[in-house]
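> I'd like to ask you about the structure that follows.
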Amino acid sequence: MKFKPLLYLFLIFMAIIYIMPVYVLLSTGLKDFSEVSLKNMWNLPGRINIDSFRLAWSGNKEEGYRGLKNNFLNSLYLVVPATILSSFLGSMNGYVFSKWKFKGANVIFPLILFGMFIPYQSVLIPLVLVLRRIGLYGSLPGLIFTHVIYGIPITSLIFLNYYQGIPKELVEAGKIDGANFLGIYRRILFPLSMPGFAVVVIWQFTSIWNDFLFGLIITPNPAVQPVTVALNNLAGSYIVQWNIQMA
C-alpha cells in the first residue's frame, strides 16, 4: 500500500508525456499561421481559428491547397471493398485447406503463404507492368486488386488456424444431411466465423488504410490517391503551414 502514491505519480507523469504531443497538435491546429512558431509552441491560441481544419479538409484553389476530403473518400472506397474481398477469399481458402483434403494441398498452401514474405519493393515493377496490361494502373480498382492479392496469404492463414479448431464432425454431419461444398460453408462454417472475421477485418482495414507505398506507385494521379499519400503531398508540396498540418 505504501507504494501506491508513487505508482500514481508515475502514472500521472506518463499520462502527461503522452498528452503533451496531443496538446501541441490541437493548440497549433487552432492557431492562426502568424501565431505558429517554435517559441510559442506551448502557448494557447490567442483566438480559436478553425480555418486550418477547413483548409485541410476542403482545400483552397486560390491558395493552391488540395483538400483531403476527396482523398479521405478514396481511402474509404479502397479499404471497404479490399477488406471485404480479401477477408471472404481468405475464409474460403481456410475452409478448403482445413476441412477438404486433396492432393497437393500441402504444396499449394505454403505457396500461398509465401506471398507474405515477398517484399513489396521487389515486385513493384512487374506489378505496374501487369496493371498497365490489364488497364488498372492509375485507378482505385487497380489498388483494390493489389491489396486483395496481398491480403489473401495472411487472411488464409488466420482462417485456417481458426477453422482447425472447429470439430470436423460438424462438417461430416453436414455431408450426411446432404449439404454440398458451399452449403456446408454457408450453413455451418460461416455462422461460426464471426470472431475470425472480426480479427481479419481489423487487421486488413488498418493495414490497407495505413499503406503508403502501393498508393504512391499505383495511383500517381493526386485525384485518386488515398489519404496517406495526400498527407505526404500536403507536407512536402507547399511552404509548411504547421497549423494546417496539425489540423
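In case you wondered, yes, glycine gets a Cβ from its N, Cα and C as well.
Per TrEMBL, the features are:
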- 72-247: domain 'ABC transmembrane type-1' (DOMAIN)
- 7-26: transmembrane segment (TRANSMEM)
- 76-96: transmembrane segment (TRANSMEM)
- 108-131: transmembrane segment (TRANSMEM)
- 143-163: transmembrane segment (TRANSMEM)
- 184-205: transmembrane segment (TRANSMEM)
> Can you say which of 7-26, 108-131, 143-163 has the most Cβ pairs under 8 Å with the transmembrane segment (76-96)?
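Out of the listed stretches, 143-163 contacts the transmembrane segment (76-96) most.
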> Of the listed stretches 7-26, 108-131, 143-163, which one has the most C-beta pairs under 8 A with the transmembrane segment (184-205)?
143-163
